[in-house]
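Beneath this line is the structure, given in structure tokens, with notes to follow.
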Amino acid sequence: MTQAQTAAVQPDAIPVAAPTPQRWRVADVVALFELPFNDLMFRAQQVHREHFDANAVQLSTLLSIKTGGCEEDCGYCSQSSHHDTGLKAEKLMDVDAVLEAARAAKASGASRFCMGAAWRNPKERHMPALTEMVRGVKELGLETCMTLGMLEDEQAQQLAHAGLDYYNHNLDTSPEFYGQVISTRTYQDRLDTLDRVRDAGINVCCGGIIGMGESRRERAGLISQLANLNPYPDSVPINNLVAIEGTPLEGTAPLDPFEFVRTIAVARITMPKAVVRLSAGREQLDDGLQALCFLAGANSMFYGDQLLTTSNPQSQKDRALFERLGMRASDADAMSADA
């Protein structure tokens, strides 16, 4: 066999499915990252087409229902009370205001409505309003997601009874890099909340942030952690760091955009039936790079001009990109794997 022939078959040495049931070693994930770019993209697109319509993307809208004043010290976050970002803390929004925003999101084409609160964890006094928000958004025909921080068992059950479809609680990064980003919440705290959410019967939305100064191996460590959750998340948001002034990470050098695309592809291969979502930082990607992300297996994105406290590409621009690519927005029901 010639050298060229050998090189051509090397990507096939990297398994499409997990090397052992439900297990992806960090070394296996690193091997995926290190494939030639075209080979990685081809593999990811194969996996994507096996389970999803490759030209359909779910549009999600994210609303900050309680902004600022968070007692956690996440190094990337403008809403932490530990950082001087000029953001003023606000109270929890009224239910009617949230439902008005949800109606506007639906009118603009979104099929999923996500509600985020800057808390370490919700207080019991907040639960009636939160469950009313879930019920109200569900009545509009939108898929619902919340991210409220850590949950107790009873709180997870209350949200489940209200009909919450997804709960988001990100791992943020690998266990090895985690301590350089946050000190007020442990990695195990995050895993425990995911267990409570899953036990309550709510779908898990869990991903992370890349470009915080971590190494490629540490990015692979995040993907390995996500892929080895049992089961892996139903929804995987991948955030590209937005280095916000006043946060400890404000001076972080931007990630190579092709590394971001690689991360999307590796997430698709290791979690073949998950919805992989382009999240914060999409504004830093030009149209060509976003198209590569869709080719790599991203099939959902946050849609609208604002994500919590950071900007996002305008909705009209997103619609124009879809038209140029021959892609279309899909409703929530159509995003189930193998649908």
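Glycine too: its Cβ is placed from the backbone N, Cα and C atoms.
Residues annotated as [4Fe-4S] cluster binding site in Swiss-Prot: CYS70, CYS74, CYS77. Positions annotated as [2Fe-2S] cluster binding site by Swiss-Prot: CYS114, CYS145, CYS205, ARG277. Swiss-Prot lists 55-282 with the feature domain 'Radical SAM core'.
Under DSSP, CYS114 ([2Fe-2S] cluster binding site) is assigned to a strand (E or B) in the three-state scheme. All chains included, 26 other C-beta atoms sit within 10 angstroms of the C-beta of ARG277 ([2Fe-2S] cluster binding site). Over all protein chains present, the Cβ of CYS145 ([2Fe-2S] cluster binding site) has 24 other Cβ atoms lying within 10 Å.
Across all of the domain 'Radical SAM core' (55-282), the predicted model scores a mean pLDDT of 92.
Most Cβ neighbours within 10 Å, among the binding-site residues CYS70, CYS77, CYS205: CYS205 holds that distinction in the structure as shown. Burial estimate for the binding-site residues (CYS74, CYS114): highest at CYS114, by number of other CB atoms within 10 Å.
In this structure the C-alpha atoms belonging to CYS77 ([4Fe-4S] cluster binding site) and ARG277 ([2Fe-2S] cluster binding site) are separated by 19 Å. Taking the centroid of the Cβ atoms of CYS114, CYS145, CYS205, ARG277 as the [2Fe-2S] cluster site, the other same-chain residues with Cβ within 8 Å of it are SER60, LEU62, ARG112, THR147, TYR166, ASN168, SER235, PRO237.
Following the DSSP three-state reduction, the secondary structure of ARG277 ([2Fe-2S] cluster binding site) is strand. CYS70 ([4Fe-4S] cluster binding site) is 18 Å away from CYS114 ([2Fe-2S] cluster binding site) when you measure Cα to Cα.
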